[in-house]
Every structure is written in C-alpha cells, then in structure tokens.
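> This is the structure I have questions about; it appears just below.
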Amino acid sequence: MVQQSLARNVVGIIGNVISFGLFFSPAPTFYGIIKKKSVEEFKPDPYLATLLNCAFWVFYGMPFVHPNSTLVYTINGIGIVFEVVYLTIFYIYSAKKERKKLVLYLFIEAIFFVAIVLITMLAVHGTTKRSLIVGVICDIFNIMMYVSPLTIMAKVIKTKSVKYMPFWLSVANFLNGLCWTTYALLHPFDIYVLISNSVGAVSGLVQLILYACYCSCKGENIEQDDREMKPTSIHEISPSESFRA
C-alpha cells in the first residue's frame, strides 16, 4: 500500500510538471501581445474557461470535498495564477468594449463558482456527496476542453494537412491525459479524475495517429483555407492547457 501511494505521488508530480508546461505554453502568444500592444484577433474565451475549470479543480481537491488530492489543487492553483496573468494582459491591451465584456464574463463566472461552493458546503454533507457534485462539474468542463480539437481533427482529415495541429502540443496533451489517468487508477482510486483524463488520453492519441497519417502530405494549403482556419489563440488549435485532473 505504501509503495502504491508513493507511485501515485510520483505519477502525480510528473503530471504536475506536464500540466505546468501546458499552462505556460500560451506565454509566447502573450509576449507578442505585449510587444504589439494589441490583442489583435485573439479572444479571451479559452482563458476564461480555463480559469473557471482550474477554480473548480482547486475546490474539488480540498480535504473537505475530496481528501488525498493535494497534487490536484496545487497544480490548479498554479493554473489560476497563469490564467489571471493572461487575462490581465488581455484586459490591458484590449479595446474598451472588449474590456467590458471581459469584466462581465469574469463576474458571471465568479457568481456561478460562488453559488456552487455555497450549495456544496451548506446543503451537501460528507465528502462522498460533495465529491460527486464537484467532480461531475469538473469532468464536464474537462471533457469539453478535451474534445474541443474535434473540428481541427476533422479539418486535418479533409485537407490532409497537419498545419494547425502542432505535434509537440498533441504529445503533451496525450501524456498529460495518460499521466493523470494512471494517477486516478492508483490507490486511492479517483473516478472523477479518471473519467475526463481517459477521454483526454484517447483524444491525444487520436491526434497523434492523425499526425502520423498526414504529416507527410502537402495538404490543401490554399489561401482561402488559411483564412478560414486562422486560429484566434493557441487554445483554438489544441485542447486548453488547463490541468486535466
């Protein structure tokens, strides 16, 4: 039992490292925004979604919701810091209209999060029931983020081009999902971490298979296709970098 607990911690630490890399991956995008002093066509939506996702996973990892989940709330706490920094940069270099939208969305997210926290803590008693409610919400967000590249994968098949599906990001997402799936299977078993991350591992594997099939193809890289597929942020060409556990 001790060895299994140690193995779980080791796998969780590896997962933390991979997740940290995914959280950090948009940094070059925001460095470009700072240099140009403009967000151009980039959108805050993925970062807003990731922020809320991380917040729920931090709540899920609390001892009074789901015990023995220290590695879950630590990495998501780091994720919250990253997303706040990204959104702050986005706010600074956005137009006034976009700033108002950003503040409105953040306010709505805050109300939703606080409502779930209050309901869970005041109306639900026991970690088993609390884990169920918060875990299901976390899984819904994670699965949505993991399946978000489906449109890109369909485009890869249609155009026979992997131009908009970066190889190393696909590798990182696959390893992230696989690592946290393994973590969930080790004692103590965590069904909620398992569900979304197993979906993520399969999603990442499918991306890698598609890459292997089409990486040598020239593809239909016509100008019109480029305009249609121009990503508005790094998150629109891959699953969000949020922690998948």
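The first residue you see is number 1, and the count goes up from there.
The backbone N, Cα and C atoms fix where each Cβ goes, and this holds for glycine too.
Grabbed the feature section from TrEMBL, which reads as follows:
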type	residues	note
TRANSMEM	12-34	transmembrane segment
TRANSMEM	71-93	transmembrane segment
TRANSMEM	102-126	transmembrane segment
TRANSMEM	132-152	transmembrane segment
TRANSMEM	164-185	transmembrane segment
TRANSMEM	191-214	transmembrane segment
> Take the transmembrane segment (71-93) and find every residue of the same chain, 6 or more past its ends, with a Cβ under 8 Å from one of its Cβ atoms.
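Tertiary neighbours of the transmembrane segment (71-93) are 9, 12-13, 15-16, 19-20, 23-24, 26, 30, 33-34, 36-39, 42, 44, 47-48, 50-51, 54-55, 57-62, 99, 102-103, 106, 183, 193, 241-243, 245.
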> Taking 12-34, 102-126, 132-152, 164-185 as candidates, which has the most Cβ pairs under 8 Å with the transmembrane segment (191-214)?
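Between the candidates 12-34, 102-126, 132-152, 164-185, the best contact partner of the transmembrane segment (191-214) is 164-185.
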> Pairs of Cβ atoms less than 8 Å apart decide it: which stretch in 102-126, 132-152, 164-185 has the most with the transmembrane segment (12-34)?
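It is 164-185 that shares the most Cβ pairs under 8 Å with the transmembrane segment (12-34).
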